[in-house]
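Colleague: First the structure, which I've put down as structure tokens, then a few questions once you've had a look.
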Amino acid sequence: EAAAGLGEGLQPPSTAPLPQASRPARSFQLDYEEDCFRKDGAPFRYISGSIHYARVPRPAWRDRLLKMYMSGLSAVQVYIPWNYHEPLPGVYDFAGDRDVEAFLDLTAELGLLVILRPGPYICAEWEMGGLPAWLLWKPDIVLRSSDPAYLAAVDSWLHVLLPKIKPRLYQNGGNIISVQVENEYGSYYACDYGYLRHLLGSFRALLGTEVLLFTTDGTRAQELRCGTLQGLYATVDFGPGSNVTEAFGAQRQVEPKGPLVNSEYYTGWLDYWGEAHASTSSARVARGLEDMLQLGASVNMQVSPFLQLPSLPRPGADFKDQYKPVTTSYDYDAPLSEAGDPTEKLFAIRTIISKFQPLPVGPMPPATPKYAYGRVALQKYADLLDVLDVLCLSGPIQSQFPLTFEAIKQAHGFVVYRTRLPRDVLDPATLGAPPHSVCDRGYVMLRQEYQGTLERDGQTTLRVTGRAGDTLDVLLENMGRISFGANISDFKGLLGNLSLDSSPLSNWLIYPLAIDTAIQQGWPHAALPKSSRGSRAGPAFYTGTFETPGITWDTFVKFPGWSKGQLWINGFNLGRYWPHRGPQQTLFVPGSVLHVDRPNNITVLELEGAPPAPLLLFLDRPLFNRTLIGSTMATE
């Protein structure tokens, strides 16, 4: 019975090492005879949930993990985003929210086993699937392949990361039972077995010969053909809409013996800007889970979504015939909400788990308290073009033609492209960009007056008039690099030249903006006030403050009448708002970013146009769709 021995998965590993001779051998292995895992020799199956430490504020790690443990899960699956820890080549960051070792130690302390997904590519709807944007500084690099430049970067990263992992492997006294190599590689066009073999060699060399290494792919034959390799145990992923018998039948085509494993059971789905909020019924999720557990399968569920954190790779994007950026919220109708609250879906899953293994004794930790701080009025601080000296300390780069973000080594955020009209344009002329060359949105100003927006896969022309020598500015926004599929080399900025009635514009000044850095350092609240023009259109900064009534509880902020932009509170980047595109209407503000003893500083970068009386509304609940009926949320 594959379900036997489950209770032991809930015991925290002993912290005091036994003398070598009396210590029982710890092992986690595949049993091809009995089609199960064996943990310390006994048959074992895991019921696991994914958690993204990079999307959860560190003060909330324990709360989220405890809720997962109390749901009856024996393990958690943990992604490690490479670009979160190596923002520039050879520059590593494992401090604060990025302290993955502290997070892994916490999982062990709470008695959870870990299935680790260190990539190097992870997807996870994360910017560029976790790959660092600086890889694209070499424009012809072939990502996720045997390209020597790519492998050299991967190897140097693995030599930093995997030595931190090795002592935490189960057979070395830790709680990591298995490690995934790459992710859904069969869905990528390259199908490069040499690359997978190289990764297998690197993982074995750095983690040892005993660790269980595996792959995860979709259930189509082509995906399993290109994503699997001898020496890596092949698992599959599928959601509640799939026929469980057929899906595991696909795994059996490549792994005739061994445990059945669904490494990513989708309990919800992600949201794209401009589309309806995704939802998956609790009953369907529970029914699919029960079907898999009855077959003795091991299952990992997408359980725990969270907000995107500050100053880091933003949400990624998908490419499905067109560029589809993912919303800031990673709530995707999951069993634990973005604020970490247990939902009806979590309790439905917990009920199913209880049929197969005992639940931990004790109550589920409650939802975190929320507070509606109410209305906060904002004032315009300055137009973005009036503060380029603060946001681009190094000054502009001169270039005959536009350069990409990658060419000027700007990973994220915004860049201003500036030139002058070469001639008088008294009759409206067409300012245009070649198809797919505005990546991803360009906010156009002429003589510092907002003209409109150019958009990837959307509007690529505007009609303009002006005089020779008038300043033309285009503020380019990176909306997130593609995280899944073949188009991961997703360059940003103006990839082609802008033209005026088909004649190319030249002599550009290019300003890479360090907006996050300035705001983290206290700007503009610590700066002298600026006199700003009254216009509400076009990119501008707005500021305000509010005080908490002696408590700092989680809250949600709504943007009545605002167009599109980004929000910071106390220097903490809370992500993008875009209410008229939707479906997301609110941004989650974790209480841990708020001050109890001094005013909280709000900074908003509005890109298109602010409302006549700019204010924010702090609520005690999120809104995903456009309707708020009374005080209840309309979620469909």
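Keep in mind that glycine also has a Cβ here, set from the backbone N, Cα and C atoms.
Look at TrEMBL and you will find 1-23 tagged as region 'Disordered'. Positions annotated as domain 'Glycoside hydrolase 35 catalytic' by TrEMBL: 37-355. The feature active site, proton donor is assigned by TrEMBL to Glu184. Annotated active site, nucleophile per TrEMBL: Glu264, in sequence order. Annotation source TrEMBL lists domain 'Beta-galactosidase 1-like first all-beta' at 402-513. Residues or ranges marked as domain 'Beta-galactosidase galactose-binding' by TrEMBL: 539-596.
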Colleague: Counting across all protein chains shown, how many other Cβ atoms sit within 10 Å of the Cβ of the residue listed as 'active site, nucleophile'?
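Modeller: Taking all protein chains shown, the residue listed as 'active site, nucleophile' has 24 Cβ neighbours within 10 Å.
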Colleague: Rounded to the nearest Å, what's the C-alpha distance separating Glu264 (active site, nucleophile) and Glu184 (active site, proton donor)? Just drop the number here, would you?
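Modeller: With the alpha carbons as reference points, the distance is 11 Å.
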Colleague: Quick check on the domain 'Beta-galactosidase 1-like first all-beta' (402-513): DSSP residue counts for helix, strand, coil, in that order please.
Modeller: 0 helix, 56 strand, 56 coil
Colleague: If you average per-residue pLDDT over the domain 'Beta-galactosidase galactose-binding' (539-596), what number do you get?
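Modeller: Residues in the domain 'Beta-galactosidase galactose-binding' (539-596) carry a mean pLDDT of 94 in this prediction.
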Colleague: By a simple count, how many Cβ atoms lie within 10 Å of the Cβ of the residue listed as 'active site, proton donor', its own Cβ left out?
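Modeller: A 10 Å sphere around the Cβ of the residue listed as 'active site, proton donor' contains 22 other Cβ atoms.
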Colleague: Mind checking how the domain 'Beta-galactosidase galactose-binding' (539-596) divides into helix, strand and coil residues in DSSP?
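Modeller: The domain 'Beta-galactosidase galactose-binding' (539-596) comes out at 3 helix, 27 strand, 28 coil.
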